[in-house]
Amino acid sequence: MAGEQHAQPTSVPAEAREKHAQLAEQIEEHRFRYYVKDAPVVSDAEFDTLLRSLEALEEEYPELRTPDSPTQKVAGGYETEFTAVQHRERMLSLDNAFDDLGLAAWAERVAKDVGTSDYHFLCELKVDGLAVNLTYEHGRLTRAATRGDGRTGEDITPNVRTIAEIPDRLKGDRIPDLVEIRGEVYFPMEKFEELNARLVEAGDKPFANPRNAAAGSLRQKDPRVTATRPLHMVVHGIGARQGFDIDRLSQAYELLREWGLPTTRYARVVDDLDGVREFIAYYGENRHSVEHEIDGVVVKLDEIPLQGRLGSTSRAPRWAIAWKYAPEEVNTKLINIRVGVGRTGRVTPYAQVEPVTVAGSEVEFATLHNQDVVKAKGVLIGDTVVLRKAGDVIPEILGPVVDLRDGTERAFVMPAECPECGTPLAPAKEGDVDLRCPNARTCPAQLRERLFYLAGRKSLDIEQFGYVAAAALTKPLEPAEPPLLDEGDLFDLTIERLLPIKAYVLDQDSGLPKRDPKTGEEKVATVFANQQGEPRKNAISMLDNIAAAKERPLARILTGLSIRHVGPVAAEALARAFRSIDRIDQATEEELKDTDGVGPIVAAAVKQWFAEDWHREIIRKWKAAGVRMEDERSGEDEGPRPLEGLTVVVTGTLEHHTRDGAKEALQSRGAKVTGSVSKKTSFVVVGDNPGSKYDKAMQLKVPVLNEAGFAVLLEQGPEAAAEVALPTEE
């Protein structure tokens, strides 16, 4: 056939090729152990001998000297590219049961559809971590990938190989030709606080919870960073397999253990639903005896042939279900009720409680929303209170334990003045429940919160500019004059201005100084200089990142200005319609209101913001510093908008896009992104844990795209995307 490529004859003997492959594999393995794991198993001399043998072989047979040969690579240059890879067998989600009725209904469906009474349930703890898929071929780990959208994940093989529990080679008997091993990578609870303390000390943002810590650690571009994190894994399933057959999942777990894989210690085979209930109840009471966070209990049909008989829906197996525990509640002492000041001046009461462990993390503070909520809950300072926390949700005070009062409790009185700047508090308008500090410009608390928000990922995305840096720049102990009186001078910061700054190390939740655990004294730090007075690396990086932020798109600039009611979605709508900060300023309130995605509340807030002279001064200073204040394309010269007229809903967690990034990609191509599914919806894009929007789309037969289909929509348009949409259930 024309254009067909024919294999070229080769003069390299087969035994030379085999020897070359063996040497290359050995050298790569030893390099990985030396540069990434920092745990070499051969001496430098032995390694050099291997490398010289490979070089000699390539000298004799030049055809073997390919670009990917170890002789052609720079040692130590390991970096994960996170390329997309296809799972051989799809990684499904799980349906959930939140109460005994839901669990019993699932068990009843299993009993009805399985066609026999001879079956068992396998119960195991649901690890709250990052799902991964390991591929072993002839016993050797050839690939590790994240779950992604279930069909396509990211290749994280070098990073996973740094986890000591995951074997590079399987050991023992009955090793299959191919097997996919599914599991969860997690961050141990006891190490989580240590990591966050180090991150804060370095000026980086701490992780919200151990699951995020596991995901962030595993997705480092440099595997050497991953190697420093105490990651662990629990294996909980099998995907595609060749040369491997087994009758029961519990037996498979035993075999996986023999192969050297880390299976769960918290699993039990039971005969019936009562056994399932006993397992759930036991770990409901003993969940904190487990070294990792748990997200519930997974109940599976143990017999693998019967699993195949029940099959799966388009998103979850019918033979398994996840039991979700109710949010955990504990009693603790309400030490005080303080007030915090937010970036828009809103003054919010919050509870300071005796430290207590709940839902896997230690809690010292909880939200109380406003003074009316404090009254409605009936809590007094000194009360024993009931506190609830679920996952990474903000802890909440439910109410007092009235029977434990001893008469020393006292009522909370909302302060009349701002606790940070002393300005009298007042409602923003008549009838408002919330009180606000009207001193927006010079209140250090408001500026601190605005700067922290401005540096966040949804705004200017300035890495190394964390809460400690924002506090130090707005209310230092030294010098007396804060380096930043408002946002206007942000882009004029220099290392010389940063070095002398001393400040309290503030807690992000409370805004209070942290205390040394040994001495009890409030922590003070020279934030940007080391003990020798030289710049810290994070200070230099912060200034570099501030400079890079000058080139952010207009929508992110608008978000960073903290205009009330203007979040990322409204900012994108304004930027898309007006293309420059000046045109937004010059637009009438009517023009703003009529803009798609804006409306009267946002329009009024924008006009009110630009009416302040000091806000205009920020814009002037940023322009002078070179901050980009308009998008490059004009409305007349706008590029093609292939998704014009489409309405798209995005739900669940995407692997290759943040939620905001997905919206930006759709909106820049002309699509309208909404938050609810209807018959008018063109496509629903689903990631991990999509929830009810996915179900609604299936019910209405709206085309549903996984992340691979989403890529087709962006790159090839709606017609091509429709062809790869997920099948709707009949």
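Glycine is no exception: its Cβ is also placed from the backbone N, Cα and C atoms.
Bear in mind that the values here come from a model prediction, so they are computed numbers and not experimental data.
What Swiss-Prot says about this one:
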{"type": "ACT_SITE", "residues": "Lys126", "note": "active site, N6-AMP-lysine intermediate"}
{"type": "BINDING", "residues": "Asp44, Ala45, Glu46, Phe47, Asp48, Ser93, Leu94, Glu124, Arg147, Glu184, Lys300, Lys324", "note": "NAD(+) binding site"}
{"type": "BINDING", "residues": "Cys418, Cys421, Cys437, Cys443", "note": "Zn(2+) binding site"}
{"type": "DOMAIN", "residues": "638-727", "note": "domain 'BRCT'"}
{"type": "REGION", "residues": "1-23", "note": "region 'Disordered'"}
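Locations of recorded Swiss-Prot features on the structure.
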{"residue": "Glu46", "record": "NAD(+) binding site", "Cβ contacts under 8 Å, 6 or more apart": "none"}
{"residue": "Asp48", "record": "NAD(+) binding site", "Cβ contacts under 8 Å, 6 or more apart": "none"}
{"residue": "Leu94", "record": "NAD(+) binding site", "Cβ contacts under 8 Å, 6 or more apart": "Val298, Ala316, Pro317, Ala320, Ile321, Ala322"}
{"residue": "Lys126", "record": "active site, N6-AMP-lysine intermediate", "Cβ contacts under 8 Å, 6 or more apart": "Ile294, Asp295, Gly296, Val297, Val298, Ala322"}
{"residue": "Arg147", "record": "NAD(+) binding site", "Cβ contacts under 8 Å, 6 or more apart": "Met91, Ala131, Val132, Asn133, Gly153, Glu655, Asp688"}
{"residue": "Lys300", "record": "NAD(+) binding site", "Cβ contacts under 8 Å, 6 or more apart": "Phe121, Leu122, Cys123, Glu124, Leu249, Gln307, Trp319, Ala320"}
{"residue": "Cys418", "record": "Zn(2+) binding site", "Cβ contacts under 8 Å, 6 or more apart": "Val341, Val347, Pro424, Leu425, Cys437, Asn439, Cys443, Ala445"}
{"residue": "Cys421", "record": "Zn(2+) binding site", "Cβ contacts under 8 Å, 6 or more apart": "Cys437, Asn439, Thr442, Cys443, Pro444, Ala445"}
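In the three-state DSSP scheme, Asp48 (NAD(+) binding site) is classed as helix.
Lys300 (NAD(+) binding site) carries a strand DSSP state (E or B).
In terms of local Cβ density within 10 Å, Cys437 ranks first among the binding-site residues Cys437, Cys443.
In sequence order, Val341, Gly345, Pro419, Glu420, Gly422, Thr423, Pro438, Asn439, Pro444, Ala445, Gln446 are the residues of the same chain, not among Cys418, Cys421, Cys437, Cys443, whose CB sits within 8 A of the CB centroid for the Zn(2+) site. Under DSSP, Leu94 (NAD(+) binding site) is assigned to coil, being neither helix nor strand in the three-state scheme. Helix, strand and coil counts under DSSP for the domain 'BRCT' (638-727) come to 35 helix, 17 strand, 38 coil.
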